[in-house]
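Heads up, the thing below is written out as structure tokens.
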Amino acid sequence: MPSTTYQPYKMEHHLAERTQHRSTEKYIRRIELNMSSNTVPGISSLQSSSMHDNKPMVLKVMKILLALVFAGWIFIWIIVPTSTYRYTWSPKLYADTNSTYFGRQGTNILIYAFPIMFIAVLGCLYLHLSKKNGHTGNSSSRFSSKMAAWKRPVLVRGPLGVVSGIELAFCLMFLALLVWCFWTFLSVSFSRLKIHGSEKVWQAKLDSVALRFGLIGNLCLAFLFFPVTRGSSLLPLIGLTSDSCIKYHIWLGHIVMTLFSAHGICYIIYWASTNQIDEMIKWSKTDVANVPGELALLSGLVLWAATFPRIRRKMFELFYYTHHLYIAFLFFFMLHVGISFFCMILPGVYLFMVDRYLRFLQSRSKVHLVSARLLPSEGIELNFSKNPGFSYNPLSTIFINVPSVSSLQWHPFTITSSSNLEPERLSVVIKKEGSWTQKLYRALSSHITVDGLDVSVEGPYSPISMNFMRYKSLVLISGGSGITPFISIIREFIHQSNTLNTPTPNLHLICAFKNSMDLSMLDLLLPVSGNVSDLSRLNLQIEVYVTREKEAPINDAQTMIRTICFKPNPSQMPISPVLGPNSWLCLAVIVSSSFIAFLLLIGILQRFYIYPIEKNTGKIYSLSSRTVLNFLFMCLSIVVASTIPFLINKRRNMKDAKQIKSLDLPTPMTSPSSWYHCSDREMESLPQESLVKATKVHYGRRPDLKKILLEIEDENVGVMTSGPTGMRHEVAAICSSGLASNLHYESISFSW
């Protein structure tokens, strides 16, 4: 097949001086401002590298305590199905903890909710101290090297996708827990089976099986919200992020709905066979309410149907909107089982509500969109203004909402910029795929958007560690828009080699595109203000495969990138750090204070309102009313405890933003037309040298990934892939085949 060959990036000329938009004096003033408010990007990495490797004793003690509390919580779930717990421990626990302030609900809060809430708060303190002492996820590199064999993919095809050895081990342990609980529940139940009236034995057993399906579903539901609580401390404690845990949420969701569906179907069969079908329309005030359970199941089934891959990919809007039925599902589930039983799964739901409300508060602010680059392939690069003191790691993700396109839809995108290389900018690349991105592209293509575009964001959310930094060689394999997460990695290495003058690994970037129009994606490896010489110190090789074209196009005019710059709006602010992962100490205060306030409110409700009614009337207070009141108090506690520190933090960010803007005011030496960086004009092309002209391009064929990977002779090679599912599975299979022991597969998640 014909190919066009150029020299790969092994440039030998020295680093050229980058274009500066501000004077040296203003730059120094900005650095001083950053040092007064936060750590200067890049300096923190130098400080952390100079720290000693041994963690302070207090951090080790905290980590051991966290592990013990979590182990105790898991032990509770293991022991709950046994007859020892049910007939010996449980009655004693309820008798000792039953009070006029909390009743039986207090026992479940103590056993099931308090351990996880304790871990969440103490985990925030642990992460705060770790960050303060310069200990990050990279400090565990020795442990990571020992776990390298467990991190190798063991399953690369099938419905589960790429699964590592450690993931498979934990999945099997969790399934063993489910099987143990279900089998033990049934064994204890069948040993004391009670037959009512004319009920047959099989009917009584069916009733017991139906109930146990619900109990096991409740166990899975207790874990369901942990992977999607983006700002919680639980995932970073074990080195995970919400993005990397989405697949666990998907797996748990399928299990939950399978068990709850079996729960509902079994009860329908039981009621029909025992002539009790009218039970379906009963709403008990003092026991389990059937109607809310059916509404919860119906909401869950509609939500579940839209989550399957074929529907989610082809009709994302349908998936997005129906997924909000989780609110109805949880509310009716609460009414179905009552607040006392709901406290068994309260921690995951409560932490998710705190996280969701903090994200809601952040999304109310409009951020400043500085410019947009429109690619020939109809892709988009959005460049936002960012607080220089706000840093994030490569492979971070951010959620974006454009009200003029859709006021409700939020879409995740991988950040392509480096907070160290570009302290004042945050960039994302968006591929024109669905209706939302098509509308956005049309809006940006029109001239009316030059005056500004309202955008809201959530995040960014950074990975807790950067394992790719520890390899001597790094192979980056992308398909189509899968190149986006690698842009941030390469920009980070540019910063390390040029600014910090530190050695970087050998980089081999392999890209597969459908047509030559997509080659312009390579120009995004450099920021708007960058130039080709920025790559001079990197040992970077780029090979590109254009699969649907036999030869290079004759006319290059169509490959020019258009850049649109926007006028700043006083109401728009730079992207600034918000509460949560950017302030673990404040998040600990929010979680602990809101939960304590919730306990105080329900204690007052029980002692001074519900208890007197039950005592004076001799009747049990409506479980549905009690549940609704508890839910309202929960929401009130979270709103108050989260809003106050958020507003304080927002005021501080606005003050910093004003100081930053004051540095950008025009000087007498400049004309009004240059007050904004090309803010009132549209640039038709970039003056910088195109990277495509220094890249090895193959036309009419796909990359032979097996040959490329097995020919690499370096001792310690990290392999990362991003793109179509088939490509990821192929690369994972090669790395796990045992043909090359030097290849280490690093799974990543990206959004575009």
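Positions of Cβ are set from backbone N, Cα and C atoms, glycine also.
Long-range contacts of the transmembrane segment (64-88) within its own chain (CB-CB distance under 8 A, at least 6 residues past either end) are made by residues 111-112, 115-116, 118-119, 122-123, 126, 177, 180-182, 184-185, 188, 191, 215, 219, 222, 237. The transmembrane segment annotation in TrEMBL covers 64-88 (among others).
What TrEMBL lists as transmembrane segment is 109-129 (among others). Residues 56, 58-59, 62-63, 65-66, 69-70, 72-73, 76, 93, 97, 102, 222, 232-234, 236-237, 343-348, 350-351, 584-585, 587-588, 591-592, 595, 599 of the same chain lie 6+ residues outside the transmembrane segment (109-129) yet bring a C-beta within less than 8 angstroms of a C-beta in it.
The annotation transmembrane segment is assigned in TrEMBL to 160-188 (among others).
Nonlocal intrachain contacts for the transmembrane segment (209-228), taken as residues 6+ away from its ends with a CB within less than 8 angstroms of a stretch CB, comprise 77, 81, 112, 177-178, 181-182, 185-186, 189, 234-235, 242, 245-246, 248-249, 252-253, 255-256, 259-260, 262-263, 266-267, 270, 333, 337, 341, 344-345, 347-349, 351-352. If you look up TrEMBL, you'll see 209-228 (among others) marked as transmembrane segment.
Using a Cβ-Cβ cut-off under 8 Å and counting only residues 6 or more beyond its ends in the same chain, the transmembrane segment (248-270) has close neighbours at 160, 171, 178, 203, 206-207, 209-211, 213-214, 216-217, 220-221, 223-224, 227-228, 276, 279-280, 293-294, 296-297, 300-301, 304, 307. According to TrEMBL, the transmembrane segment annotation covers 248-270 (among others).
Annotation comment: TrEMBL describes 291-311 (among others) as transmembrane segment. Sequence-distant contacts of the transmembrane segment (291-311), counting only residues of its own chain at least 6 positions beyond either end whose CB sits under 8 Å from a CB of the stretch, comprise 250, 253-254, 256-257, 260-261, 263-264, 280-283, 318-319, 322-323, 325-326, 328-337, 624.
Residues annotated as transmembrane segment in TrEMBL: 323-354 (among others).
When averaged over the domain 'FAD-binding FR-type' (362-467), pLDDT in the model lands at 83. Feature annotation from TrEMBL assigns domain 'FAD-binding FR-type' to 362-467.
Per TrEMBL, transmembrane segment is recorded for 584-608 (among others).
Taken from TrEMBL, the feature transmembrane segment covers 628-648 (among others).
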Helix-strand-coil residue split for the domain 'FAD-binding FR-type' (362-467), DSSP-based: 19 helix, 37 strand, 50 coil
